[in-house]
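Undergrad: Handing you this structure, nothing more for now.
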Amino acid sequence: MIRSYIFLIVTVMIFSGNLIVGKAINDLPPVTIAFFRTLIAFTVVLPFGYKQFRYYYSILKENLWPLIGIALTGITTFNVLVYLSLNFTTSTNAGIVEATTPAFAMILSFLILKERLRIKHIIGTVISFIGALWVLTQGSFQALLQLEFNIGDITMLVAMVVWAFYTLIVKQHNHKFPILGGTLAMVGLGAMVLLPAMMLEWFLVGVPTQLTTVSSWSGLLYLGIFPSFIALILWNQAVSDLGPSLSSVFLNLLPFFTTIGAVIFLDEQVVAAQIIGGVLVVIGVIMVNVNIQSIKKFKLTKSKKV
């Protein structure tokens, strides 16, 4: 259990760079970004996962449709929609929309997986959402009234729904796959889907000249190695252990970790509102994930031993 929480925290730390890097290289078309990050992930995992892929090939083949579902949602459609949205919206707006993901995951888990909705889960999710907004608006909710939402925000919202569906598929089927062999199959299928889509994109808008720049490839390497490979494995394992609802609420830590990254790497100043918002997010995450009954049993057992 503790391992899963560590996986989620590391995953969110990696994801915090996704929007920033995606925004930095959004001169590249969205499908192009999605394809090359997936291709890089495939190249990285290939030497580690090929032996496992061959050994478990029959199992992977039997579960081809779930693998295709994972590839079509979290590997391809989600990433294309995120990078497309960043052409029209700000990172702040994207962060606000992204904070709705735990709510979508909770609702879909209730409707599809028949997970029980507990009051503490709902309250914890709301508190973490408020905390995320507090960080993003620096404590001024009046700033929300001044934000202009556009087609990019709607696109990001659709992306979050797609991610919630992806998380549900992972919860139902990821335990069937070997870790590295399954990841190789997922990103391989994703690259196969994205390649013709990228060819069509290049036919419509032309081959992007930015592919020759060092900055573009630096960004693509980050996206391919960290979000597409390391974070993908960690997220899938955590969701398999904890479920979509408990895992997704950790995504509200994204603005908090993004702020920390800005302080460390960009020398930005921390304001009190960001600290307060971060604390609220942490409180919400703890409320959703801590089992009060288990704590009581642990204390009772400990007192009996004494």
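Glycine is no exception: its Cβ is also placed from the backbone N, Cα and C atoms.
Annotations in TrEMBL come from automatic prediction, not curation.
Below are the features listed in TrEMBL for this protein:
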- 4-136: domain 'EamA' (DOMAIN)
- 151-289: domain 'EamA' (DOMAIN)
- 5-25: transmembrane segment (TRANSMEM)
- 31-51: transmembrane segment (TRANSMEM)
- 63-86: transmembrane segment (TRANSMEM)
- 92-113: transmembrane segment (TRANSMEM)
- 125-145: transmembrane segment (TRANSMEM)
- 151-170: transmembrane segment (TRANSMEM)
- 177-199: transmembrane segment (TRANSMEM)
- 219-237: transmembrane segment (TRANSMEM)
- 249-266: transmembrane segment (TRANSMEM)
- 272-292: transmembrane segment (TRANSMEM)
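So where do these features actually land, and what's packed around them?
TA: The average pLDDT computed over the domain 'EamA' (4-136) stands at 84.
Residues of the domain 'EamA' (151-289) grouped by DSSP class, helix first, strand second and coil last, total 127 helix, 0 strand, 12 coil.
A Cβ distance under 8 Å defines the sequence-distant neighbours of the transmembrane segment (5-25), meaning residues of its chain 6+ beyond its ends; these are 33, 82-83, 86, 91, 94-95, 98, 210, 215-216, 219-220, 222-223, 226-227, 230-231, 234-235, 237-238, 242, 247, 250-251, 253-254, 257-258, 261, 289.
Here the transmembrane segment (31-51) has long-range neighbours at 22, 25, 75-76, 79-80, 83, 178, 180-181, 183-184, 187-188, 190-191, 194-195, 197-198, 200-202, 208, 211, 220-221, 223-225, 227-229, 232, meaning same-chain residues at least 6 beyond its ends whose C-beta is under 8 angstroms from one of its own.
Within its own chain, the transmembrane segment (63-86) is flanked in space by residues 18-19, 22-23, 26, 30-31, 33-34, 37-38, 94, 152-153, 155-156, 158-159, 162-163, 165-167, 169-170, 172-173, 176-177, 182, 185-187, 189-190, 193-194, 197, 228, 232, which lie at least six positions past its ends and keep a Cβ under 8 Å from the stretch.
Sequence-remote contacts of a segment are chain residues at least 6 beyond its ends whose Cβ falls under 8 Å from one of its Cβ atoms, and for the transmembrane segment (151-170) they are 66, 69-70, 73-74, 77-78, 81-82, 84-89, 93-94, 97-98, 100-101, 104-105, 108-109, 112-113, 235-236, 239-240, 244, 247-248.
Sequence-distant contacts of the transmembrane segment (219-237) (same chain, six or more residues past either end, CB-CB distance under 8 Å): 4, 7-8, 10-11, 14-15, 17-18, 21-22, 24-25, 33, 36-41, 43-45, 74-75, 170, 174, 179-180, 183, 186-187, 247.
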Undergrad: Going along the chain, which residues at least six beyond the ends of the transmembrane segment (177-199) come within the CB cut-off of under 8 Å?
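TA: Tertiary neighbours of the transmembrane segment (177-199) are 29, 31-32, 34-35, 38-39, 41-42, 45-46, 48-56, 59-60, 63, 67-68, 70-72, 75-76, 80, 228-229, 232-233, 236-237.
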